[in-house]
Each structure stands twice: as structure tokens, then as C-alpha cells.
């Protein structure tokens, strides 16, 4: 049976390659990279960037039964995702995507359509309008509580990655459900951890390359289905509670806003109706996209500062100059980041060197298009190599070096693409940037980051086939610099 399946798969692959070669014989396609085992590379984004030396910034890879176009420069990514955004706004409907999202109701993984646009508008409005006034004070409050917990562990090694993860999960829980109760936060945190671990396993990722394998026994697939059932059970419970208690015309959190907004008439006609399933998947996207991503970036920032204590000292001097020595009662000037230019530059440099999603989720062309003069047929899968674009030595001087000062000269360095760009830009970017700014400012103002006994944390990403650019576990010792600044409630 297995041999027959492999023979059939080989025959189908050969037939498809011949068909595509005939179908696109008159087109000027990007060059094709030799080989077909590209995904086995331990540091895939860097490997893909290396191929540009021979093939240029746009080329094709053969993955399974299809060719995939890779964009490796800021210029090509912005040309596709901003100037030709409609052409490249689609999302391929791969087996793993269909598995982890309710049918065609997911925002991050859903294909481009009028209904998708309405779904995006509702979620964006919930983030920017529904909770606009509560976002900043909430992040301040939870960060202050985080610093108090860290002060209680001062002088002992702390697994800072886990602490950041609970902090960011608490923020999302409060904004989404209006609740930071420990039981709920722990339930969602464990759910997200389990789900991402299951989804990123090679036994799931390979199904997108060789879909035929889904018909064979797969323990990893069963674990993922169990994680999805747990996820949906938790979200559905919260949706029921909100529907039973919300008041029309008022909203306590994002879930209230989206549940009430999904039934409102839309300006666009013919796109269908937003359903509760769309709200369900928006909640899922907020937790998946807003918990581990921000926590990982914060962890990378701490690791880089442990390697560069001179940058940490300059940051603390900047904070002391703006907020007072040690820890004072002043609030971080969130509405004017220019008052803390080195902190802003340091965040930008961390995002440049370690974009948490180094290879953006695949796009799909909605119609025939072109990039740098190459034809890109309709239905082509396109992958932006964000980390590759950030390490392009034709754009960045000494691209592999940690140099926040490169962002201190206005116009000297381009804006990083860590959150994507165009129609598929991360909707949570404003919240993520707010968290990065507040947490690092509060943390560095209150503590000096010191490495515990032993080697410094590794700056090499963990090698795996997942989506996020994760790092090796490490610990940090927090040395208090003075009394922690009072919380927002004391500044009335």
C-alpha cells in the first residue's frame, strides 16, 4: 500500500511538473533554485538569503508538487505587498491552515475576499477603537505588577522568557475578555503553548508539502486535533459568557465589541455575513499572534543587552535623564517615543535582527502579476523572507552586528518589516510596540540585567521547522537599581 502510494505520488508530481512547464512556457518566470530539500536547512531564512548571490532577490523553489516564489529584499517585498497589494493579498489554503482554523473564518490564514476585508475591519476596529482608551493604562498596570514580581525574585536567576509569556498573555486576556484572573490566564497560556508546539511539529508541516501523507497514521496530527478541541472549548465558553452578560451599545472589551459589531450592516455588498465563528477565530488570532511573539521579542532584547552591557548602561542613563534617577514616579512618555530615542532604536534593532516570524506566512497571488520584470502567475505561492531582507548588506551596513545607533540618524536606516506590510500587516503591531516600549523601559529603569553564573545566553535561534524564531532557554539575574516607580493608580 505504501509503495503504491509513493509511486502514485511520484507520477502525480511528474505530471504536474510537465503540465506547469507547458502552461507557463511563454512566461518570463523567476529563476529556479536547484534541488528540492530546501526545508531541511537548519537556518532556512539565512540559507534563502544566500541563494540571492546566484539567483537574485526573486527566485523559485520547488517544494513538493508546487513552485514557491521567495522575495528576499525590502524592495521586492514592498513592491508586492504595498504597491501591488491586491495581487498578492491571497492566502494559500494548505491542509494545516484548514485544520487549525474554522472553515474559511480565520483572519490570519483566510484567503482574500470581501468577507475577509469586513472581518479585518471589525477586528482592527476592536483593537484601535473599542479598547483605545484602556490599552495604554492596562499595559502600564500589568507591567508594574510584573516588575513587582521580578523584585521579589531579585538576586536569583529568573527564567525571563516564561515571565514575559505570562505577562503578554495577561495583556491579551484583559483586552479580549476584560479578565486577568490567574486561572484564565494560565489556561490560555498553556493552550497557546500546546497548540503552537503541536502545529509547528514536522509531522504537521510536512502535510503542506506532501498532502497525500494525511491519509497515513500520524500521532502528531492527533495531538494537534486534541489541542484544537481544547482551544475551541475555552474560547466558546468565553463567548457564551459574554453573550449572556453584555449590554447592547456598550462594550467592556474586544469580544463585546466584535460580537455586537458582526451584525451591523456593511458598506460592501455581496460579501456575505460575519458570523460568531469569525469572532471566535479573531480571538484565537489575538492569542496566537499576541502572546509568544511579543514575549519572544522581549526575550531577544534581554539576551542582546546581556551581550552588550554598554548599550544597557546607555539606556539606563537615558531613562534616568527622562524619568529621574533610579526609579521615580514619572510615567514613561509613551505618546512621544522620541524622548527615549536609544530605547526606540534598540527595539528597532532587535526587531531587525530577530523578527519573530522570519518567513512571513505564505501569500497567494489573486491574479497575474509581476515583480522586477518576472511574471508571477495567478495562484502562485509567495513567501516574503523578512529576516533575509533585514540582513541584506546592500541596504544595511554590517547587517549581522547589533548596532542600535544605526537607527539614531533620521533617514539613515529604513523601517524594519518585522510586522509585515500591506494588506496582511500584523493588526496587533500598535499593541506589540506599546508592550515592547513600556516593558523594556520599566524593566531597565528598575533593574540592571546581569547574567547568572555560566555562559551568556546563545544568540543563535533554535533550529526547527516552526513559524516563530525562538531562542534557547536562558536565565537572567535582576539587580534592583532603587525603589520601583509607583503604579499608574498613584498618579491621579
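Positions of Cβ are set from backbone N, Cα and C atoms, glycine also.
Since this is a predicted model, take the numbers as computed values, not measurements.
Positions annotated as heme b binding site by Swiss-Prot, on the basis of similarity to another entry: 91, 120, 363, 424, 426. The progesterone binding site annotation in Swiss-Prot covers 231, and the record cites similarity to another entry as its basis. Among the features that Swiss-Prot reports, 17alpha-hydroxyprogesterone binding site is placed at 231, with the record citing similarity to another entry.
Recorded features from Swiss-Prot, shown on the structure.
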| residue | record | contacts (Cβ under 8 Å, 6+ apart) |
| --- | --- | --- |
| 91 | heme b binding site | 97, 109, 110, 111, 112, 361, 362, 363, 364, 424 |
| 120 | heme b binding site | 107, 427 |
| 231 | progesterone binding site | 191, 195, 284 |
| 426 | heme b binding site | 289, 419, 420, 432 |
Most Cβ neighbours within 10 Å: which of the binding-site residues 363, 424 is it?
363
Extra residues within 8 Å (Cβ to Cβ centroid of 91, 120, 363, 424, 426), heme b:
89, 107, 108, 361, 420, 422, 423, 425
Where does residue 363 (heme b binding site) sit in the DSSP three-state scheme?
strand
